[in-house]
Structures are given as structure tokens and as C-alpha cells.
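Undergrad: If you scroll down you'll find the structure; I have some questions about it.
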């Protein structure tokens, strides 16, 4: 396979979606770096899980390891200071009057991608890869394809340099995301994602289910569970 010679920077939280996107990028680009954000998230355990995932990817997929470069962590704790959501404070997850769940952190992906583009510019990377999706998602406006296309234009103009935002999961269901992971890395990648990635909004890792660790009842766990069941049912 002829790989793209550009460097890609993957927004890598340590979850199922970003791990699948990282595998996707490693099959396509000559050099790949990773980036995470510490923004005061309630499920901060994902920052520990992502290090395990990176280590496992390097160990289990030596061909990918050759292209997997530096990992970066940026402190965006200011986001928790200016937001009041169920992802940054201890509160019940519920639907708000505007139709969005209170897990929506306003401006999060806009800030993430702006910071990622700044880092990418310094690292001579021209591709940003994110796990945003508007199919099986909670209606977050900063996950929509139109939002990200507009942001790609703004970043490219603002940096006076081409910046491409790749979203390989944008139009996939969660079941199709499991299928993509299997296509990319077979059973080993599926098992790695199941065992080591983190999705649960509450940061729960004490309970192990067929689809992975989590509380089993928050929206993120329910979506992952349903997607896994649909994937198994369609095989």
C-alpha cells in the first residue's frame, strides 16, 4: 500500500473511537503523532488508559510502531473553569431544554482542533484526525460534518497553510466502527479496544462487560454496548 507522505496528528483520548482512528491513520500515513487534552474531565482515567493503548499498539503491531511517533498532552483545564457540564462536574446526566445532553461541553472540539492545529503547525503535520461522528452521537453541534468542514477552512486560512481534518467515523454507526477496527487490525485490535480503551462518562472501570469496561448505564456505555451487540449480530 502506498502511504500518504504527510504527517498526521491524531486526537487520541484513549477511547474506542480515537483508537480506531489512530489505527486508521497508521495504515495510511508515513508518520503519525498523537495528542490528548487534560481539561478537567470527570473521566480523567482515559488519560491513563491511552498510555496503555499506545504501549499495546507498539507491542502488538510492530509495522504500525515504526510509524507511530511522539505523543503529546496539553493542559486545557481552563475549559472546566468556563463550562458547567456533566463531563466536568459531578452531576446527573440529563437532557437540557435546548435538546442537548448536559454532557455537551460548549466549544470543546473547536478548542481541541484549534490547539491541535497549532501543535501540528509546529510539528510540520498537515493532517488532523478525529473521531467525531454525526451518526450514533448525542447531537453535539461541534461533531457535525459541516462544522468541521468550516473549521478546516478557517484553520487553513488562519495558519496560511493547508490543514486537513480527517474524520473516518463521521458517517459510521457504532457497529460499523467495530467492523472498521476488525478490518484494520483483526481480532487483536478488537480485543485491545475491548480490554484497554475507555468510554464511560463516569470513569468506571471496575465492571468488565463483553464490550469493555464501564458503568453500563451512562449514554456512552449504552451506545458502546448497543454498537457491540449490533456488530456481533451482523457478523
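FYI, residue positions are counted from 1 along the chain as it appears here.
Every residue gets a Cβ built from N, Cα and C, even glycine.
Since we're looking at a predicted model, the values are computed, not measured.
Got these off Swiss-Prot a minute ago, pasting:
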BINDING   12, 13, 14, 15, 16, 17, 18, 19, 20, 21, 22  ATP binding site
BINDING   200, 215, 218, 221  Zn(2+) binding site
Undergrad: Tally every other Cβ atom lying within 10 Å of the Cβ atom of residue 215 (Zn(2+) binding site).
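TA: Within a 10 Å radius of the Cβ of residue 215 (Zn(2+) binding site) lie 18 other Cβ atoms.
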Undergrad: If you compare CA-to-CA distances from residue 221 (Zn(2+) binding site) to each of the binding-site residues 12, 14, 16, which comes out shortest?
TA: 16
Undergrad: Out of the binding-site residues 200, 215, 218, give me the one sitting nearest to residue 12 (ATP binding site) by CA distance.
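TA: Given the candidates 200, 215, 218, the nearest one is 200.
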Undergrad: Cα-Cα, whole number of Å: residue 218 (Zn(2+) binding site) versus residue 18 (ATP binding site)?
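TA: Residue 218 (Zn(2+) binding site) to residue 18 (ATP binding site), Cα-Cα distance: 19 Å.
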Undergrad: Whole-number Å distance between the CA of residue 200 (Zn(2+) binding site) and the CA of residue 20 (ATP binding site)?
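TA: Approximately 17 Å lies between the Cα of residue 200 (Zn(2+) binding site) and that of residue 20 (ATP binding site).
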Undergrad: Beyond 12, 13, 14, 15, 16, 17, 18, 19, 20, 21, 22, what residues of that chain have CB atoms within 8 A of the centre of the ATP site's CB atoms?
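TA: Result: 10, 50, 53, 131, 197.
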Undergrad: For the recorded Zn(2+) site formed by 200, 215, 218, 221, name the remaining residues of the chain with Cβ within 8 Å of the site's Cβ center, in chain order.
TA: 199, 201, 202, 204, 214, 216, 217, 219, 220, 222
Undergrad: Inside 10 Å of the Cβ of residue 12 (ATP binding site), count up the other Cβ atoms and send me the figure.
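TA: Its Cβ has 27 other Cβ atoms within 10 Å.
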Undergrad: Which residues does residue 18 (ATP binding site) neighbour through Cβ under 8 Å, counting only same-chain ones at least six apart?
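TA: Sequence-distant Cβ neighbours: 10, 11, 12, 50, 130, 131.
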